[in-house]
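Notes follow once the structure below has been shown.
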Amino acid sequence: VLSATDKANVKTFWGKLGGHGGEYGGEALDRMFQAHPTTKTYFPHFDLNPGSAQVKGHGKKVADALTTAVNNLDDVPGALSALSDLHAHKLRVDPVNFKLLSHCLLVTLALHHPADFTPAVHASLDKFLATVATVLTSKYR
């Protein structure tokens, strides 16, 4: 459960991303595909070369969904319900992949915002991404 401090840390940090969320999302996906090649199996129709338009486009979708979650920290399950249905029933993404992408996103954010990525912010973002992953996998049963 995100504490009031976690919520404040996440909102403040996310606000500093400006218009770069999609860029960072694409970079995190590139990082995940390089570090964990088995994750590519969910994207057989994509050009998975680093920086491809399709990866960037999906990165923007990831960032937009996370922004929706940030804007609804008191009801992340409600905010991401449709996305949870999609991943559980249609895409059938292995839940471990959300953890892999979360880690790659944390690395990307730390690289781009080292001064703001304090240990407290890191912990709050990690809890936030774990919450999102839990929501996205909640309908797998």
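Here the Cβ of each residue, glycine as well, is placed from N, Cα and C on the backbone.
Per Swiss-Prot, these features apply:
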| type | residues | note |
| --- | --- | --- |
| DOMAIN | 1-141 | domain 'Globin' |
| MOD_RES | Ser3 | phosphoserine |
| MOD_RES | Lys7 | N6-succinyllysine |
| MOD_RES | Lys11 | N6-succinyllysine |
| MOD_RES | Lys16 | N6-acetyllysine |
| MOD_RES | Lys16 | N6-succinyllysine |
| MOD_RES | Tyr24 | phosphotyrosine |
| MOD_RES | Lys40 | N6-succinyllysine |
| BINDING | His58 | O2 binding site |
| BINDING | His87 | heme b binding site |
| MOD_RES | Ser102 | phosphoserine |
| MOD_RES | Thr108 | phosphothreonine |
| MOD_RES | Ser124 | phosphoserine |
| MOD_RES | Thr137 | phosphothreonine |
| MOD_RES | Ser138 | phosphoserine |
Chain-internal residues, separated by at least six, CB under 8 A from Thr108 (phosphothreonine): Tyr24, Glu27, Ala28, Arg31
PLDDT averaged over every residue in the domain 'Globin' (1-141): 95
The residue listed as 'O2 binding site': tally of other CB atoms within 10 A of its CB: 17
Cα-to-Cα gap, Ser138 (phosphoserine) vs the residue listed as 'heme b binding site', nearest whole Å: 10
Lys40 (N6-succinyllysine) and Lys11 (N6-succinyllysine), Cα-Cα, nearest whole angstrom: 31
